[in-house]
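> Structure incoming, see below.
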């Protein structure tokens, strides 16, 4: 009974929303990219880079808001590596994403030592203030979901994005610039992943730690798939996975083996995906390179 009362309370619900925030933002970012036909497993690396840049900018300017802006800009620019390699040179999109993740992991460790003359954890910076019970990035995350739903399903731009991800050659035949739209969507994906990372370093903590994303980029991808490539579906899945992380935190110090507690979010992810894979249908042309004039 003590365990149940420790899990099901208002503190856990608030923690669920905080833990779900980077997942929902990154999942929507991945959704833009994949709806346009580009697989983006680089979310993990883009989040990590965003978290690092947010702290660096905040450290030198003293402003967490400028740190957020820096993370957004760098996330968009960094994602262009994946976009160019995948769209222009038709490289394997999964391999490109893995390379981005590796580059971000190694690059942040190297630059952490160069800039802060330390390893493991950066110097502390000014964190984002609370707006009521939550940091502003939590409200931004909810806004990102609602806006993405409207854009993708109720605007001409969203219709073009979905057509490019389903039938790129048909879209090209009616005058839609497929490659340009894919660049834009991968860029949006990078911007949102950067915001998700900034939430971790400036919203949850006030510093950067090596590998601080801890697989959240991959969990965000799982949330996107579990949500069937829709913003509100991704939100629901992110809340589920966020609840698992909140439970993990609440159970610490209750005599339960630490190793088991640390497994909880990933167990939730595996169970959720096991019931979805094979049933969820991705965009028809996702992962397929587009060559104008060829079918």
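Every residue, even glycine, has its Cβ placed from backbone N, Cα and C.
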> State the residue range annotated as transmembrane segment by TrEMBL; the candidates are 118-135, 136-153.
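Comparing 118-135, 136-153 with TrEMBL, transmembrane segment matches 136-153.
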> State the residues, same chain only, that lie 6 or more residues beyond the ends of the transmembrane segment (94-116) and have a CB under 8 A from a CB inside it; answer 'none' if no residue qualifies.
39-42, 44-46, 48-49, 52, 56, 59, 78-79, 81-82, 85-86, 122-123, 208, 210-211, 217, 287
> Could you check whether the transmembrane segment (217-243) and the transmembrane segment (66-87) come into contact, where contact means at least 3 Cβ pairs under 8 Å with the two residues of each pair 6 or more apart in sequence?
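Counting Cβ pairs under 8 Å, fewer than 3, so no.
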> The transmembrane segment (136-153) and the transmembrane segment (39-60): do they have three or more Cβ pairs under 8 Å, with pairs 6 or more apart in sequence?
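Result for the transmembrane segment (39-60) with the transmembrane segment (136-153) is no.
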> Among 12-32, 66-87, 136-153, which stretch has the highest count of C-beta pairs below 8 Å with the transmembrane segment (183-205)?
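It is 66-87 that shares the most Cβ pairs under 8 Å with the transmembrane segment (183-205).
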